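J.: Grabbed the feature section from TrEMBL, which reads as follows:
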DISULFID  Cys112-Cys124  disulfide bond
DISULFID  Cys119-Cys137  disulfide bond
DISULFID  Cys131-Cys146  disulfide bond
DOMAIN    29-96  domain 'Chitin-binding type-2'
Amino acid sequence: MTFVKFFARFFCIDAYAQHNHTQRSLTNNIECLEDIARFYRDPNRPVHKIWTSSECSKYYLCLEGEVFNFKCSEGLLFDVVRQICDFKQNVDNCDVTAETPAPKPLLDEADCPDNQWACGDATCLPNEYFCDGSVDCPDESDEGWCDADNDPNAAELCDPKHCKLPDCFCSKDGTIIPGRLEPHMVPQMILLTFDDAVNFENWELFTKVLFSGQRRNPNGCPIKATFFVSHPYTNYQYIQKLWNDGHEIAVHSVTHRGPEMWWSHNATIEDWFDEMVGQANILNRFASVRMEEIRGMRVPFLRVGWNRQFLMMKEFGFAYDSSMVAPFSNPPLWPYTMDYKMPHVCMGNKQNCPSRSYPGIWEMVLNQLEAGDYTCAMIDSCPPHLSGEDIYRMLTHNFKRHYLSNRAPLGLYFHAAWFKKSEYLNAFMKFVDDLQKLPDVYFVTNQDAIQWMRNPTSNNLLYQFEPWSCKAKKHLEPNEKVCNHPNICKLRSRVLQQDRYLYTCKECPPQYPWIRNEFGLD
């Protein structure tokens, strides 16, 4: 097989690296690491050059004893973990020569005392040390094989006899309706979610167009959405207004930092607390959102954080995650609790889904949309060449996939910038207006959906279903009501080394809030 055919078949480099093929050449002075079968860095590169752009942009591949030389395009560095060229701020492994898998642990194949297993080098350690997020084996084998199929302490398969609502829900393939209701008895829930900052760029879209109060559910209550809020550039007066109006406010991290793989593989439990609990504290302090109502989270880039993320969620008291993408399926999947092994494979390149049991935590799984020959989780990751009419047909087609099968909630996941294309906005509003004509379609928040799944209620009784009723609107204390004119705080950030603006109905803090200083204290 020629090199070009081998390259095209076995290696996938993203759009940033497509131009690098012209910079490929054969080199004779670089050590061959043929057993790696992946791109690697020069293992003998000078130590003082490791973090330089010129050195970190180079990478190599050894085939049949010959080393081929590559170089990223100007301004890009090579990420040896993700195997792509990317912008400098997204690459943090210039010091790593090659990613080599840890050896597999021997576990019970070695002679160890009771309640202990063996590392790959036969070192015996307590069972609970394996896949607990902390490296204990000398050869690191205790943390190298920890997906749902290899974790020796992994969650068990769904057991419907012991998994009972309202606190536990599972099914073998994830498609069974809670309460085993017949599909025609089930409300078709539409889950609209928006990621990232809420500010002047999208405020009119949310308040004047999508949620003006004119569109209502069959029970007469206004349609609602869930906002996964990240901190940079967010206007907290606007967040307070959305919360006052009954929308759900959830967390999407403080920093939304890159690279993407950091969330899946590098973030420690402490990092997860800093990012997610920190953002919950910011929402509470500067938007007055009640802590007990901040129940959900979504990880940036949908990069699930393995057991570390869910340990943090359990300790803090998050009710649900909404970051896992399920493989495309008909019928689609219902959300489930993490008491048992998740009912689908872990989607994504080097994705790192949890392997343990986390009783009572819900996974608001992302069902993919079908768009012609493509599938996509976030709507703005669907093919960009679609016309407005294509978008309308896609939305209608996927609605029918849910509505005419098991009526699993239809999640429509957005970044607000997608609506800047007027034909997309018009197509979406036409789709929403179509659904307004149906007597059993409800636009609800993720938390509302969980309330229904915990207590499955048939369509004919939904007018009496208190969690969805207009009467369930919370009583606001004076300090919780949004102000008409926020404080505009020009604040210095020691970490970012620049001034940032904070819009809030609360008093201005001394510093710009950030991780490990979410209240902006001096």
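Along the chain as shown, the residues are counted starting at 1.
For all residues, glycine too, the Cβ spot is worked out from N, Cα and C.
Automatic prediction, not curation, is the source of TrEMBL annotations.
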J.: What subset of the disulfide-bonded residues Cys131, Cys137, Cys146 lies within 10 angstroms of Cys124 (disulfide bond), using C-alpha positions?
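T.: Close disulfide-bonded residues: Cys137.
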J.: In sequence order, what residues of the same chain, 6+ apart, have a Cβ less than 8 Å from the Cβ of Cys119 (disulfide bond)?
T.: Pro105, Leu106, Leu125, Cys137, Pro138, Asp139, Ser141, Asp142
J.: Within 10 Å of the Cβ of Cys124 (disulfide bond), how many other Cβ atoms can be counted across all chains shown?
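T.: Result for Cys124 (disulfide bond): 14 neighbouring Cβ atoms inside 10 Å.
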J.: Find, for the listed disulfide-bonded residues Cys112, Cys131, Cys137, Cys146, the residue with the lowest Cβ contact count at a 10 Å cut-off, counting only other Cβ atoms.
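T.: Looking at the disulfide-bonded residues Cys112, Cys131, Cys137, Cys146, the Cβ with the fewest others within 10 Å is that of Cys112.
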